[in-house]
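This report concerns only the one structure given below.
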Amino acid sequence: MQVDLLSSAQSAHALHLFHQHSPLVHCMTNDVVQTFTANTLLALGASPAMVIETEEASQFAAIASALLINVGTLTQPRAQAMRAAVEQAKSSQTPWTLDPVAVGALDYRRHFCHELLSFKPAAIRGNASEIMALAGIANGGRGVDTTDAAANAIPAAQTLARETGAIVVVTGEVDYVTDGHRAVGIHGGDPLMTKVVGTGCALSAVVAACCALPGDTLENVASACHWMKQAGERAVARSEGPGSFVPHFLDALWQLTQEVQA
């Protein structure tokens, strides 16, 4: 399958839509990344909500523009809340995104993620090892870290996309986005981004938000990858290491939104 490139014009158009629609994103994400995820969405112009209580999750999933399910710090009560939210999302046609953190390394979360796939996610975002494991091609990864190159996971991503109907995002040095028929590659970013916890998880939240936008969902999701890589490059140029990277990264996301509004 040919891998196309995303144009700057496509990315800018998607960011304009993002800022214009300001999606309300229901983030059922892991405990490690909540603040960073919320700040990433805010910097881009979205509205985050971290609603995790089982008694509220279903109700809020019907209100939100999009739902994120991230299994990074999965527990049985949290799984129950996530299941309720996904069931409601399917019923109310709220697009939802799955981030199958460490799915190849641990059985409980692998079984849970496979169960959730029957509720038809709009998007799935993971590293190469996670996507390959979710597709049933390999059980790999070193915890949350990948042991495979993103390009090696393209066939698995295409298969998973065709089986689920989801847009599948494989992140790495180059990000690949596919609907099973088309594929887009996004270059850029910096290795320092992997030294800060939460950049991938935050991207999943932005992907979820992009699934709520009008237009070509594949292009919108690919644009999310582009914004994050752009911001990462800008932040690295201004920072001295991981500690100073985070505020510069959030500033860079904000500046990107200001540029498309100018």
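One-based numbering along the chain as shown.
For all residues, glycine too, the Cβ spot is worked out from N, Cα and C.
Since we're looking at a predicted model, the values are computed, not measured.
Copied over from Swiss-Prot, here are the features:
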type: BINDING; residues: Met50, Gly198; note: substrate binding site
type: BINDING; residues: Arg125, Thr171; note: ATP binding site
Legend entry - Between Met50 (substrate binding site) and Thr171 (ATP binding site), the C-alpha gap once rounded to whole angstrom: 24
Inset, instruction - State which of the following binding-site residues has the fewest other Cβ atoms within 10 Å around its Cβ: Met50, Arg125, Thr171, Gly198. - result: Met50
Inset, instruction - Sorry to bug you, but what's the C-alpha spacing from Gly198 (substrate binding site) to Thr171 (ATP binding site), rounded to the closest Å? - result: 13
